[in-house]
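Taken straight from Swiss-Prot:
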type: TRANSMEM; residues: 3-23; note: transmembrane segment
type: TRANSMEM; residues: 55-75; note: transmembrane segment
type: TRANSMEM; residues: 84-104; note: transmembrane segment
type: TRANSMEM; residues: 120-140; note: transmembrane segment
type: TRANSMEM; residues: 156-176; note: transmembrane segment
type: TRANSMEM; residues: 187-207; note: transmembrane segment
type: TRANSMEM; residues: 231-251; note: transmembrane segment
type: TRANSMEM; residues: 255-275; note: transmembrane segment
type: TRANSMEM; residues: 280-300; note: transmembrane segment
type: TRANSMEM; residues: 334-354; note: transmembrane segment
Amino acid sequence: MRQILIAVGLALAVSILLTPVLIRLFTRQGFGHEIREDGPPTHHKKRGTPSMGGVAILAGIWVSYLGTHLVGLALDGEGPSASGLLVLGLATALGIVGFIDDLIKIRRARNLGLNKTAKTVGILAAALLFGVLALQFGNADGLTPGSPELSYVREIATVTLAPLIFVLFCVVLVSAWSNAVNFTDGLDGLAAGAMAMVCAAYVLITFWQYRNACATSPGLGCYNVRDPLDLALVAAAAAGACIGFLWWNAAPAKIFMGDTGSLALGGIIAGLSVTSRTEILAVVLGALFVAEVTSVVVQILAFRTTGRRVFRMAPFHHHFELVGWAETTVIIRFWLLTAIACGLGVALFYGEWLTAVGA
């Protein structure tokens, strides 16, 4: 628990201190965000707000993760694990794709960065590598970071995927989550606040898995997760970094995370869901992100098949703005919904454990 608190504190400190430095730097360089012309009129005043704030989030996560392990090693703790490094590697790779996308948007002074093919290839390459590596690095107990068995709150023994199918499944998960967070990042602080809650929920889940790991506490309800404590540190670092960034990203935002941050954070959810064996539960925890990306898919399908739109604008947080909700009202209500979803997800996780132990 001490390491988790250190991870949160370090990430928050780095993020909250580095972000204003980036604001000044990006403002001097003219790295301003372009706004969609067809977006809500109230967003036009945001044109020129510095972007690529995801750099501070990733820096906070990495400094926290490595710093916490340095402290842990000094106190006879363990070093970085394959699972933790794999999740962070995925997030960083996606963050690099997002950074390139953001940079092109800024250089060309328009809200279009990498073309769809290049961006998709970048995301798929990161996802493919993650899927392949997730089944490597078996420990003394034979556990790898990922499992070919589909998982809800733990592995579902009756649904085992062939290695190739598992890799393709990871590609779908990573692509879906990175795009989901990316679509959600359209209002000041919305994605950062929601991500902080989802990551906090994952801290509780992975720490409970650590306390009830089959490797150290065999018995009813134990969890076969390779590095649960290290995953808790990753989740704690991500939560802290998002909170620190939110200090500057809350309405009215002084900086946006850009695709640098949103794609990376989507990778965090995807990576944690695979390595903690909670792939289906993640849909509950990240219900807001799922709803946002679903609204985009529904809007596209409806328009292509009927010529009509379901929402005034997608993602659907803009729909509520266009029907008269203030931006801050949408943000706060969506945060509340995320808190409810995370509470429900943790309750489902704990309830399953109670059932497993016969309580």
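Cβ coordinates come from backbone N, Cα and C, glycine included.
Tallying C-beta pairs under 8 angstroms between the transmembrane segment (120-140) and each of 3-23, 55-75, 84-104, 255-275, 334-354 places 84-104 first. Nonlocal intrachain contacts for the transmembrane segment (55-75), taken as residues 6+ away from its ends with a CB within less than 8 angstroms of a stretch CB, comprise 3, 6-8, 10-15, 18-19, 22, 84, 88, 91-92, 95, 99, 192, 233-234, 236-238, 240-242, 244-245, 257, 260-261, 264-265. Of the two recorded stretches, the transmembrane segment (156-176) does not lie close to the transmembrane segment (334-354), with fewer than three CB pairs under 8 Å once pairs fewer than 6 apart in sequence are set aside.
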